[in-house]
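Asker: In case it helps, TrEMBL gives these features for our protein:
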TRANSMEM  45-70  transmembrane segment
TRANSMEM  103-125  transmembrane segment
TRANSMEM  137-158  transmembrane segment
TRANSMEM  230-250  transmembrane segment
TRANSMEM  271-300  transmembrane segment
TRANSMEM  306-331  transmembrane segment
TRANSMEM  343-370  transmembrane segment
Amino acid sequence: MESSSEWAIWSKSQIASCIAQYAPCFWCCRPEHLHSTDRENLLRLNLLCTVFALAQTGTGIFLIFVLFFMGGTSDAAVGEVTNEQESDNQIKRDFLAPNMWNLVGSTVLLGIIGFFVSAFGLYYRRSVRNVDILGSLRYYWFMVWIIPIELFFAITLFDYHRVTEVWVVHWWTTEEFTWFREQFCSEGTANGKCNGPELYIDQWCINQYNSTDCGAIQDNAQMYMMASSYIFFTINAVWALILTILLYLSHRLLENILTTPIIRESTSKNLPIWLILPIAGCIYTGATLMLSPTAIFFNVGIELKWIAVTYLVSAGTFFITAALGWGIANVPIMSAAHKRRQLFAVHLFICTVVLTIISVSAIFCASLIYSSTFLDLDLSSEEVSLIA
């Protein structure tokens, strides 16, 4: 077992060394010697991660800019848009930022993650170069936190259920899509024939332009945008996965540099703090399911509220586990009464861990079942529009 573990570490170190020495961006400064130290390889991977992270940040900034700052006033359906429709559009604009029903939120969040990866990478670069143990440990734990988050949002960018098609169709006439319509619609139609109401576009086209080609123009533009969106989001997903791999290899190199005993001691002291990550994740997801206007049980009456409650319960059990773990590790035993309380805390700790595992397993199973059957639900076009 020991030899296989050493082989695994050796393999990852060799992969990291190969990337650090032979990545195209390092061809102009390849070292003369064949074998570099882990620290030298880590510095190069750190630079490579920073470049990938900055590009990821740029993608998020691009989406925010074109959606929030490039929008204009639509000329479509003049005199047809009611106050109720305007109110609905305003609500949609307010909640364009991260939600469950399009991939824009994941892309923007990956951009934010990329900013932190680049900032922390540059900040702790000196710690790695000077073998600063404290700074290197902080960078190590930052990567432990950020890698699963990066991986999670990278996976969400693969549109398994093709929600991008729903997103494009039902957001097409909003002001936020002005820039996209200008790119994909025929010249001069972005705020005219290409911007008609989906449900009665033929009648609208006759009334507004005495023509019947609006539907064909709009369908063609939406088709091109859907294809471009799939390419865009898939490239971003692959890019994020590559960054995840680079961060993981950097993490393993830093682990070799710091040595296992130092990391083990740091882990035992700070384990309760690391549970902040699942606590925050459960609270965010539960609140999104419970409170977001895009939550489907608010829109179509599907009883899935218990999943949101289970997320919040999981956050509570994670918090109790962290508090008990901190107390068990730091409260001294001075008497028999203290020992009994400590034993009770240990038993309670085990119970909360079991409860946490059960709740997380329930969420996982329910999510798999629901995600596989969502597209088979009997939803009307209006209900899908509300969800989107």
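Glycine is treated like the rest: Cβ placed from N, Cα and C.
Remember, TrEMBL labels are computer predictions, not curated facts.
Keep in mind it's a predicted model, so treat the numbers as computed, not measured.
Are these features on the surface or tucked inside, and what touches them?
Answerer: Within its own chain, the transmembrane segment (45-70) has Cβ neighbours under 8 Å at 16, 19-20, 23, 25, 96, 104, 107-115, 117-118, 121-122, 125, 128, 176, 178-180, 236, 239-240, 242-243, 246-247, 249-250, 253, counting only residues six or more beyond its boundaries.
With a threshold of 8 Å between CB atoms, the same-chain residues lying at least 6 positions outside the transmembrane segment (230-250) that come near it are 12, 15-16, 19, 42, 45-46, 48-49, 52-53, 55-56, 59, 103, 107, 110, 114, 117, 143, 146-147, 150-151, 153-155, 157-159, 164.
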Asker: Please give the sequence-distant neighbours of the transmembrane segment (103-125): residues at least 6 beyond its ends with Cβ less than 8 Å from one of its Cβ atoms.
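Answerer: The answer is 43, 46-47, 49-50, 52-61, 63-64, 67, 96-97, 135-136, 138-139, 142, 146, 149-150, 153-154, 156-157, 159, 163-164, 167, 229, 233, 236, 240, 243, 247.
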Asker: Give the nonlocal contacts of the transmembrane segment (306-331) in its own chain as ranges (CB under 8 Å, at least six residues past its ends).
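Answerer: Sequence-remote neighbours of the transmembrane segment (306-331) are 268-269, 271-273, 275-276, 278-279, 282-283, 285-290, 295, 338, 342, 345-346, 348-349, 352-353, 355-356, 359-360, 362-363, 366-367, 370.
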